[in-house]
Amino acid sequence: MYKEDTIAAISTPHGAGGVGIIRISGDKAFEIAERIFRGKKDFKLIRSHTINYGKIVNPENGAVLDEVLLSKMEKPKTFTREDVVEINCHGGMVVLKNILELCIKEGARLAEPGEFTKRAFLNGRIDLSQAEAVIDLINSKTNESSKAAISQLEGKLSRKIKDARSKLIELLAHIEVTVDYPEHDIEEITGNMVYEEIGKIKEKLCDIVKSFERGRIIREGIDAVIIGKPNVGKSSLLNELSGKSKAIVTDIPGTTRDIIEEYININGIPLRIIDTAGIRETEDVVEKIGVEKTHRAIDEADLVIMMIDAKRGMDEDDNRILTMLGDKKLIILINKIDLVDEKQINEIESLLKGRKCIRTSVKEGTGISELENAITELFVQGEVSVNEEILLTNIRHKNLIDMAISSIEKAMESIDGSMPLDLVSIDITDAADYLGQITGESVSEDVMHEIFSKFCLGK
């Protein structure tokens, strides 16, 4: 249920900072601000959508909590389409907490996670897919994932979905008139006409679904794991790719005993890359635990980067690792090529029996760009960019479009089987309902709760 009260929350991340923001939204937002804000003008005289210097004061005892900049925004030209006040204060958590507690004491309620965005949806400011784009934008890790979220926030996907749903509803209305009111002087709709129209809609929906795998990778990224024997250069590779000295690099085998991970940007693709403990037979209890974690990381990974030491060559440990990987997406690096001659590298490549390999010297930076290009080519055909096209990035949307397509196909099969149009309309109604769940035109309270619970406080 929509609670028509006034909410408040800290909208900036927790921790010390130069500036912190408290957001208030609802019918009592201005009333609360008037009681606690002391500026050059009376609060009622402050124009909407202006920033005003003043102090936050406890009205009970006159104690000053902080010097602030306050923004007053009158409905409906606000994010929530309610009266909104934003208080920009100093960023210490004590100051923020004290001002928030004062707002609550004066009549606001602590907002639930995502409640500001939920109110924007419920008040018609954005639709449900645009609301989901807000969290995608907050969580984006590359320029391309940010662009994809902004495209969805601007309503590009919504317009396509609403257009398809609107055409289905028009067809349903035409079918209803034809079936229920044959005496009316309206052009009769036939099964062939319905078949042709829903076929066009299905084609457009299929085009959107085709973009999902690419969109998913841009939004969610790839989980990649670096594996190989101890001291093959895994930690050095992680440090080289991330540009940080995150992993300890020594000549002692088995130095990395736990999982180390880093988020990096590879040609526009968010990559969560994991450095693992070297895989070998060992009696060391701690190292054994690390090896077990490595096996779990491999199972969950989208991509495995296997490193082979060119100086030591291939051995049973390497063969055992290759066998264990099965049909996992795999890139093999022959590392430390600066320490060996061409003959030794060729011998390793012949033992790998035609598997694609990249020759690298992580120490010298050789082969790193080839690795980055290989990762891109393995997951995305062509350039990783978000231009004017619609990119489907959300699995919830993809599943609902798939169900809409399935319902349309059932309707087409029914028409092929000469079923009456009033029965055909059942599947068309289902298709329209599935599309409505994407934009929020037909969605349950449980689904809304699930979506908005993923937001943090203040959003």
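The backbone N, Cα and C atoms fix where each Cβ goes, glycine too.
Quick caveat, the model's predicted, so the values are computed rather than measured.
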Quiz prompt | Additional site residue, R23, R35, R38 [criterion: listed by Swiss-Prot with E86, R125, K459 for (6S)-5-formyl-5,6,7,8-tetrahydrofolate] | solution = R23
Self-check item: DSSP three-state assignment (helix, strand or coil) for S235 (Mg(2+) binding site)
Solution: helix
Exercise. List nothing but the largest Cα to Cα distance in Å, as a whole number, among the residues R23, E86, R125, K459 that the record says bind (6S)-5-formyl-5,6,7,8-tetrahydrofolate.
Key: 18
Quiz item: Out of these binding-site residues, R23, K234, which one has the fewest other C-beta atoms within 10 Å of its own C-beta?
Solution: R23
Quiz item: Quick one: Cα separation, R23 ((6S)-5-formyl-5,6,7,8-tetrahydrofolate binding site) versus S235 (Mg(2+) binding site), in Å?
Solution: 44
Quiz prompt | R125 ((6S)-5-formyl-5,6,7,8-tetrahydrofolate binding site) and K234 (GTP binding site), Cα-Cα, nearest whole angstrom | solution = 49
Practice problem: Could you check which of the binding-site residues (E86, R125, K459) sits closest to N231 (GTP binding site), going Cα to Cα? | Solution: K459
